[in-house]
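Listed in TrEMBL:
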type	residues	note
REGION	31-61	region 'Disordered'
BINDING	GLN84, HIS185, ASN229, TYR361, TRP458, GLU465, TRP466	substrate binding site
REGION	88-114	region 'Disordered'
COMPBIAS	88-97	compositional bias 'Basic and acidic residues'
ACT_SITE	GLU230	active site, proton donor
ACT_SITE	GLU411	active site, nucleophile
Amino acid sequence: MSIVTQRPSQGAAPAGVAAGAELTATPVAPAATEPAGDVPLPDPAPGTATLTDTHPTPHTAADARLGLEFPPDFGWGAATSAYQIEGAAKDDGRGESIWDTFSRTPGRTHGGDTGDVAADHYHRYPADLDLMRDLGLRSYRFSIAWPRVQPDGTGAPNQRGLDFYRRLVDGLLERGITPMATLYHWDLPQALQDTGGWENRDTAHRFADYARTVFDTLGAQVPTWLTVNEPKTVVQNGYIIGHHAPGRRDTDAAYMVAHHLQLAHGLAVRQLRDTGSRSRIGPALNLHPCYPADDSVATAEATRLYDGYENRLYLDPIFTGSYPADVLADLGPDSRLARGIRDGDLAAISSPVDLLAVQYYTPIYVTATGGTERRWPTSVAAWQQIFPDGMYDILTRVTRDYGPVPITVTENGLPTPDALAADGTVDDAGRVSFLRDHLAAAHRAIAAGVPLESYHVWSLMDNFEWEQGYAQRWGLIYVDYATQRRVPKRSAHWYRQVIADNAI
Ligand code: FCB
């Protein structure tokens, strides 16, 4: 069976919901009584909105506070990735990536949009850093563009590319924000694609070399590294459906790619250890809780296999050192994955990690025939179903099944049809309720014993949403692409208060 679910199809179905976790309860701080006062803000940079000069519309139920306080030092954060925000596609010696090639190919992205300019963060990062500070962010998750560091994916590093990330990291630290860097958020150097990309085992070794270069430069200043962002999305969207770069449609190749991405992860973990760094490292996995759409035996079996393809295929090798037997059996002994695993690979892939980054957007409801159905309201992203309890279920499940590895949520968010109103505000009340309800689920997971240490909204600002181009807005901060003006949305004001209160 070939399963493709990263952007699940829609429908409607009843479903059983996974049983609640039975974890050791960890006390969570009592509800806040006094909301913190406003923090004084600095003078804005010219042309940059601040978090106080555009006031959101009057509060509605979306902003209602729940009185749930988070543990002290909880890492309130926001996330971005290089290709989605940086622009500056040709600056300072940057090489081409597969997303440059893909987005410039007619018909691949909405409206032919590319990341050539994006949110122009490469040039505007100082003002963006100030906005992060004004939000009160404690953690910022960004990615490093491999083609800025090694334009052709191999060989001597491009110092000007590395310097950008050094300036960014310095700017974060100066503002009291902890950097969390992803090594690979899908922008493979095109030159490596030309020699087979992730189908070629050698790409995993090239990735390890690149990772070493980055660790040698920034390793001491970045306390937390993430290796490969969402290998599953590369497998499913890049190699099965083909609507992400490199746009292939070859299921057998896709699972070979899955293995090489995981090998790349493991080799990078070893590189970090080899530097003697005390920084932490882990994978960034998008996990989808899978629920049976009815209570038949056939549906339970289909759901279990579906879960194998969605979750265990990526969790088991890292945390147990083996691929899930049901998925391997389903792919068959002649699959490229089965034939491509070499001695020592799983030992490398299961090199101990320090944390697990979880990205949660949607549940999946599985039918007896292995199809999917929709049960909850969707969003502008047709693949998404809004189901906050899925956050609780997936967090408690990974802790139950894989042990008490520290967890960070590195992505969770909602695209909304945001527009700049005449009074200069952006009222994204839907995003506020989404974040509030998912944070409430995260809070419950902490109370149930999940070692969740931080949470990052996807995304800090509107950006290039892959094949959707600029048509979907996921940010706390609105980007007017014509002028590159930033306008904090209602959700940004709300999140700032949440961070100040350490409570929702
Ligand atoms: C995740 C990606 C991220 C963004 C969000 C909406 O799958 O990691 O770059 O596209 O979805």
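From the backbone N, Cα and C atoms, a Cβ is placed for every residue, glycine too.
What TrEMBL annotates, mapped onto the structure for a quick look.
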| residue | record | contacts (Cβ under 8 Å, 6+ apart) |
| --- | --- | --- |
| GLN84 | substrate binding site | GLY115, ALA118, ALA119, HIS185, SER459, ASN463, PHE464, GLU465, TRP466 |
| ASN229 | substrate binding site | SER81, SER143, THR182, TYR184, HIS185, TRP186, ALA284 |
| GLU230 | active site, proton donor | ALA284, LEU285, ASN286, GLN359 |
| TYR361 | substrate binding site | ASN286, HIS288, ALA381, GLN384, GLU411, ASN412, GLY413 |
| TRP458 | substrate binding site | ALA78, ALA79, GLN359, GLU411, ASN412, GLY413, TRP474 |
Residues flanking the substrate site, with Cβ no more than 8 Å from the Cβ centroid of GLN84, HIS185, ASN229, TYR361, TRP458, GLU465, TRP466 and excluding those residues themselves: SER81, GLU230, GLU411, SER459, ASN463, TRP474
Largest inter-residue Cα distance among GLN84, HIS185, ASN229, TYR361, TRP458, GLU465, TRP466 [record-listed substrate binders, Å]: 18
Densest Cβ neighbourhood among GLU411, GLU465 (recorded positions), 10 Å radius: GLU411
DSSP state at TRP466 (substrate binding site), helix/strand/coil: helix
Assigned conformation of GLN84 (substrate binding site) - DSSP reduced to three states: helix
Three-state secondary structure, TRP458 (substrate binding site) (per DSSP): strand
